[in-house]
Amino acid sequence: MDPPHKERRSPENGPSSARPCCSSLKMFLMALSFAYFAKALSGSYMKSTITQLERRFDIPSYLIGVIDGSFEIGNLLVIAFVSYFGAKLHRPKIIAIGCLLMSLGTFLIALPHFIIGRYTFETSIRSSVNSSSNLSPCPARPSDLATGPSPTSGPSSGCEHESRLSMWIYVFLGNILRGIGETPVQPLGISYIDDHALEENAAFYIGCVQTISVVGPVFGYILGSVCAKIYVDVGFVNMESISITPGDARWVGAWWLGYLIAGLITLLSAVPFWFLPKSLPLPERRLAKYSPERTSFIKDSPLLEHKYQADEPANFLEMAKDFLPTLRSLLGNPVYFLYLCVTIIQFNSLIGMVTYKPKYIEQHYGQSASKANFLMGVINIPAVALGMFSGGVIMKKFKLSIMGAAKFALGTSLLGYFLSLFFFAMGCENASVAGITRSYNGTESLYKVDSPLWASCNTNCKCPETGWDPVCGENGLTYVSPCLAGCRTSHGSGMDTVFEQCSCIAVGNHTASAGQCNNRDSCHRVFPYFLALSVITSFIISLGGTPGYMLLIRCIRPQLKSLALGFHTLTTRTLAGIPAPIYFGAIIDTTCLKWGQKKCGGRGACRIYNTTAYRIAYLGLTLGLRTASFFLCILGLVVLRRHVQRQERNTLANGGTGAAAGELQALRKEENNSCNSDQCPRTADYDPERETRL
């Protein structure tokens, strides 16, 4: 064995091993923080592009849910393999390979933009004044309608190309590859820090890395906001010919541009890991904290050698034989099992809500995708981060016991739940669209899904019902197209086009202007209150995040901590991360009133929703899941109280020594904070400081 390095004092770690160790650890911390930032940025950007992908590929919301859940699928494919074997290999290089795969997956998501052709949309608006002397919105044949501002290759060739492979498959596969690449970053990165940092610094380092991971989504949503303002084919078409605005249901932003930026950032995050060592010398102060016998045990123990020395792996068959009994013992803990059930239900509610919240803001309050993403990144995400940090501060300041942490987490969740009920009162009226939400005379409510759009005023016009080219009449009513409004002539170009002699508009000059009517004033008035309540509820619910996580760590035996955390991650991703976006999207699809039509036939993306039904479905499902979780929370609180009382009785019966005292310390460490190392009995395989450090 090489002679130990002499201790040197550094301002960060105090007396430690040689300076190269500290330098390498700092490099690893910087590299891991950047990797966390990159993966969080690309993940949040994916959620910010939901409506853009729906419109670009003409797919319903449930398919977007499948695409969003594919990240978890990729993660689960390799998580067991990486978690077990990755710790025994060169961890920095495994992380570098993961970042490289994430980057390739992100680039693959953007690939369809470069092979699918230009985006076209239905429009009856002339791109310039000189393009036509007199364009009639009421044509003799449906084929006379313009199909978009850009030329296409022809319907037959386009359909043949589309029938071979749906372009959203590339996005699906790219997101799976992202999930595979993300797998080693967290477990191997955190374990590397835990192995090589001093005890008193490890928690601080891990906290810094986790904080950076919260900053990533802020920039991800801001990037989504910027890209959503830019037209999808910017640089390839004449922007003066684009006759729609970012608030239009047909608008598609430059979704692909953000993936190229995120992919490049992720690729750069892989570079530093290639130059980091497989392991670092163990700081001597860390070994000095243990007795000589304990130090010898650490160095010689086959169970801990991979943690401190990264030597030869343990026998795989022996570990496999112990796996099922250990898992059975873990799930036999009623507190852990109930906690697992509660978090699965609440994660379903949380993931479904976060995935479709920007879309909810767009559809319900009439905001553009750019503004919805900006608000998510600048207001909601920081509120969540502040809540999680404040929860940890409160837990430390008031020295909450395991029961105190459980009660605090339940209390904040209940308070946030009751405040969330006010969202039902912050509703908006449906947009007034002739033939869909209102009759053509504007007096009768319809709310019919894909209802016939014919009326006596437009029977002489041969209009396609499948298109979506809205115009706003003088009467304040939106019509699906100028043809269905019965308009005979038009003048002007672009967004200044005015349609005249509209037989369905029986007031004024019988004219209509391009775009939907913006007459939902009550929505604009209530929207600031919705934002304020959203920030408050996000902060309050997040307050219980840190105490809830500490409850997970403390309710189990120290020997089962790693398995408990890994199994918790596995089950929540399998039973919440994958299905929640799919069934949330499927339920949202049921509230659609007008579906778009693909150019080759078949149902495309939704153009307009029943906002009342949307609000009830989205909020009802979110709060309904949380309601179900509270029944299990109360049961878990009762079981936890009995568990703590039983441990106290066992400790008294055993004279306050042995394993029972050790487990009680794990459960109530904060209450016994005054104990020092000479007064508190410990078992050979238990170290309370290591138990609660994470």
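Please read every residue number as a count from 1 along the shown chain.
Each residue, glycine too, has its Cβ placed from N, Cα and C.
TrEMBL labels come from automatic prediction, so no person has curated them.
Marked as compositional bias 'Low complexity' by TrEMBL: 147-158. Taken from TrEMBL, the feature compositional bias 'Basic and acidic residues' covers 684-694. Taken from TrEMBL, the feature domain 'Major facilitator superfamily (MFS) profile' applies to 28-645. According to TrEMBL, the region 'Disordered' annotation covers 131-159, 670-694. The transmembrane segment annotation in TrEMBL covers 62-87, 94-116, 256-276, 336-354, 374-394, 406-426, 526-553, 574-596, 616-640.
Counting Cβ pairs under 8 Å to the transmembrane segment (406-426), the stretch among 62-87, 256-276, 336-354, 526-553, 574-596 with the most such contacts is 526-553. Contact between the transmembrane segment (336-354) and the transmembrane segment (616-640) is supported by 3 or more Cβ pairs under 8 Å, counting only residues 6 or more apart in sequence. Under the criterion of 3 or more C-beta pairs below 8 Å, with sequence separation of 6 or more, the transmembrane segment (374-394) and the transmembrane segment (256-276) do not qualify as touching, having fewer than 3 such pairs. Highest Cβ contact count with the transmembrane segment (574-596) among the listed stretches 62-87, 94-116, 256-276, 526-553 falls to 62-87 (criterion: pairs under 8 Å). For the transmembrane segment (616-640), the residues of the chain that approach it from at least six positions outside its boundaries are 334-335, 338-339, 341-342, 345-346, 348-349, 352-353, 356, 360, 402-403, 406-407, 410, 413-414, 417, 420-421, 423-424, 555, 584, 587-588, 590-591, judged by C-beta separation under 8 angstroms.
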